[in-house]
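To keep things clear, I will list the structure first and then write my remarks on it.
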């Protein structure tokens with residue numbers, strides 16, 4: 001009797017697990033193998049062209065994927081433009097005057113449409129472009145799971161609430177990532193995306209003038225192009241990784257150990273807290289960092305995708321069909 005009850009419970013749990021993972025389970029690395037076999041080459045060509053013109057664009061495309069996935073899943077909602085009757089996510093605090101690369105995705109979408117019209121989603125193009133950006137800048141490669149569809153809606157409040165700001169505490173970072181099904185280790189690994197790219201003065205001003213857990217010479221260097229007065233030089237840029245700002249490597253973590261994290265939300269990863277040991281691991285074992293980063297990217301790409309008959313395949317990424 002006990003064993004049969006146990007069997008029923010096991011089967012029930014199995015069914016629950018099947019339903020819980022059904023969306024991401026419908027994603028596959030060969031989703032377009034028959035319907036659009038040239039999708040990878042087409043996207044890569046577009047990314048290479050954009051990054052060759054401006055290496056920072058690689059970081060911007062990677063960040064675009066993160067900002068998309070953290071708001072109702074990886075559904076290209078971040079690309080939807082505001083209209084007189086529709087408010088998208090682009091004016092949210094984490095995105096306004098900040099997200100970049102939308103025009104690059106639009107251009108790539110046009111190229112993909114010319115090869116196989118109405119087949120590949122904008123959401124999948126963002127995912128592939130993020131991977132290609134990492135590879136082009138010297139980072140790891142991985143097989144991108146595909147089959148996402150594009151949303152017909154967006155969430156301004158979701159963008160404002162779900163994406164952690166640069167002032168985040170460690171506990172806030174952990175909770176924001178946990179809310180998306182990502183572990184603390186995933187969070188530390190994915191924060192390594194800050195090995196490339198730049199940040200605006202307004203996002204690190206408080207750190208370089210008010211915080212004590214910062215290398216003094218580093219702070220002075222940053223202060224030279226980021227005045228203390230709010231409203232002055234707000235959009236002046238500084239590299240997130242002072243050492244190798246356009247190369248994907250583990251210097252981001254080395255900087256943290258030397259108290260040279262640019263953002264408050266960077267340095268909290270190495271400030272006497274629970275994530276210090278992971279930062280040290282990534283400093284001493286770059287291969288562990290890259291493998292964890294890849295695992296985190298795949299996991300992030302699995303966040304509540306629209307699949308099957310859900311959503312749509314947009315003809316133009318900035319608007320619903």
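Placement of Cβ uses the backbone N, Cα and C atoms for every residue, glycine included.
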Which of 195, 290, 304 belongs with 241, 244, 249 in the Ca(2+) 2 site listed by Swiss-Prot: 195
Residues flanking the Ca(2+) 1 site, with Cβ no more than 8 Å from the Cβ centroid of 68, 71, 73, 75, 77 and excluding those residues themselves: 69, 70, 72, 74, 76, 78, 123, 151, 154
Residue among recorded positions 63, 69, 201 with Cα closest to the Cα of residue 249 (Ca(2+) 2 binding site): 63
Cβ-centroid neighbourhood (8 Å) of the Ca(2+) 2 site, 195, 241, 244, 249 excluded: 196, 243, 245, 247, 248, 250, 251, 252
Secondary-structure category, per DSSP, in which residue 77 (Ca(2+) 1 binding site) falls: helix
10 Å Cα neighbourhood of residue 74 (disulfide bond): matching recorded positions from 68, 201, 226, 241, 244: 68
Cβ neighbour count (within 10 Å, all chains shown) around residue 74 (disulfide bond): 30
Binding-site residues: 77, 195, 244 - member with fewest neighbouring CB atoms within 10 Å: 244
